[in-house]
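As structure tokens, the structure follows; a few thoughts come after it.
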């Protein structure tokens, strides 16, 4: 029912570009862009490949490992630590750059608008100030959206779903490129300065991952430079471990929470975990938060006082003034329930909005227009709310950066303006720490309502921006409102401090939207610098997660599902024991013989309909009595390198003895192996034979065809496989299990569902 042309543009809509060779396609097919793209969330996309987490233990690999002595092994280990330190330092510096740029640009914008408003309040004509504010916002966001939509669509959003997929083992095109990093950083600065309801914390995680992937490979394809260092790490296994360190360093730079960063990598990302890795990741996180701290301290002029560990600093919560008592625990649990319900509402609204965007707003120009519209609307809403608010507070003793007087008496400022007329990070800190009585309940209620819809509309725009801070801000506003109403009810008793409830509300709202438990508890504890709140924060987050999961899944998982990524969760679906490997596997399998004609190999690789990446190698005896048993597994990328270097049997027999291929030749081609079309094989060469014995992996993982789905799933997920060969009792290949075969099965409302596969 779906024509191929309607799928042509689908690469742009799901924030992930199709591979590099889309440019060849585009020239042949006339540009037909449909107005509506049919999109079905019950699909799995076939355009995502898996990462090879499993090392191919062929003869070359074993020879190299035998050659490495103890000293060489130690240098490799030292290099790993050096890379982790570099990841930490660079991530911290990028965070500093973002912070300083946002502070200066946003400060400039707010000063201009404030002077303008003060001028026009005196003599009338405030509509001009509104126009100025909206135009400034829209133009800044336009630039930020243009670079994302037209240069690198992967940089849109917070990047956490993409990094989750990468660490899960899905290769998302362009996700860890240098170009993506540059666009991401510029885009974040522009969208925060442009006054959108976004934070700069989420994208730090993506930026850290890109930095990690770049450093650990020791070269950049975007810059076409190869620095000839760290060549040993050029394979998916190592790269992916470093990317999880980068993600952790990003979290710790964003929140000043190194332990939270490690736990984030553990909870959201890494599928394979060992203790050495934990220790290295923790090291990278510590270095990153320390770098940020020292640079920002120097920038703020007090070089020896390390007081800003993260991009967002919630300020210190005093445990003496703000302890909690046992009777407040039910109140906290109730707040968790509210957070879960509001979070589920947020996610459901965002789900429908994203479906609408995928179907109708799939052209880059439309995406830019939508981003500008949101920016202008955000400014207008803020202005109207400030204009209509009659909530005046005395200026002295308050720490407002840009106090707007508007219609208040002299020496007073408009307290709605502190919420809207500020970067979201500052507003969160104000809501946590302003003394009781700084906010009118009406102000807070209106602000929560408005900001909820604005933040929901903003997430998923084509700008790079995170959802962490807006969620915290919404939660802090309704939490503070809750605290104020409690103190009304209890006649202003001492324990009902609004700041404490603002913190719990923020935790509840964020937990209800993103559904992280462990890492979020630790991040909140580290960011507030207070361990006393560990237990209530944990209770609130658990309640929010349980309540939210009852309605709809978390925001990141939802976006992964909307992009049809074959994501493998921790466990197989609960009711899937009845399925066996025979029903799950893909058949028929394209096998190669151990000594195969070159022409056959080229034809198999060029066949676009199958497009397999792993081929079982079987015994090549012409004798029919012997069973064609499984001998090994060879990857497409290895075959391509063999063809490129023309490693044929006939050439070896001739006098021109070529040098033997080394692992280095395979590493140099990683990660972008040339497509088969670019390799020229002449007619004579097609008749040659190619011997795969020393390049294939002689011991691939196999399962018998009677194995149940949970068993297959466990093996596949825990070892990070890309191909799992299914054999019968005579060791003959009967099928192949790949990521898509396992990700197809999901637990739906009615039980086990099987998703269909689509080419796009």
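Numbers run from 1 along the shown chain.
Cβ coordinates come from backbone N, Cα and C, glycine included.
Just so you know, TrEMBL annotations never went through curation; they're auto-generated.
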Per TrEMBL, which of 108-129, 130-151, 152-173 is transmembrane segment?
130-151
Between the candidate ranges 81-102, 213-234, 301-322, where does TrEMBL place the transmembrane segment annotation?
81-102
Which range, 531-552, 553-574, 575-596, does TrEMBL list as transmembrane segment?
531-552
Given the ranges 401-425, 501-525, 601-625, which one is assigned the annotation transmembrane segment in TrEMBL?
501-525
For the feature transmembrane segment as recorded in TrEMBL, pick the matching range from 47-69, 277-299, 369-391, 645-667.
277-299
Which range of 7-29, 467-489 is transmembrane segment, per TrEMBL:
467-489
Summarise the domain 'CBS' (696-754) as counts of helix, strand and coil residues per DSSP.
16 helix, 22 strand, 21 coil
Give the nonlocal contacts of the transmembrane segment (81-102) in its own chain as ranges (CB under 8 Å, at least six residues past its ends).
181, 185, 188-189, 192-193, 200, 204, 207-208, 211-212, 215-216, 230, 233, 242, 245-246, 249-250, 253-254, 280-281, 283-293, 295-296, 299, 311, 423
Hey, which bits of the same chain come close to the transmembrane segment (501-525), Cβ under 8 Å, at least six residues off its ends?
251, 255, 257, 259-261, 263-264, 266-268, 314, 317, 332, 335-336, 338-344, 346-347, 428, 431-432, 467-468, 471-480, 482-483, 486, 531, 533-534, 536-538, 540-545, 547-549, 553-557
Tell me if the transmembrane segment (531-552) touches the transmembrane segment (329-353). I count contact as 3 or more CB pairs below 8 A, with pairs 6 or more residues apart.
yes
State the non-local partners of the transmembrane segment (531-552) in its own chain: residues 6+ outside its ends, Cβ under 8 Å from one of its Cβ atoms.
317, 319, 323-324, 328-329, 332-333, 335-337, 339-341, 343-344, 347-348, 351, 503-504, 507-509, 511-513, 515-517, 520-521, 524-525, 558
At a threshold of under 8 Å on Cβ distances, which of 130-151, 181-199, 277-299, 442-461, 467-489 pairs most often with the transmembrane segment (242-265)?
277-299
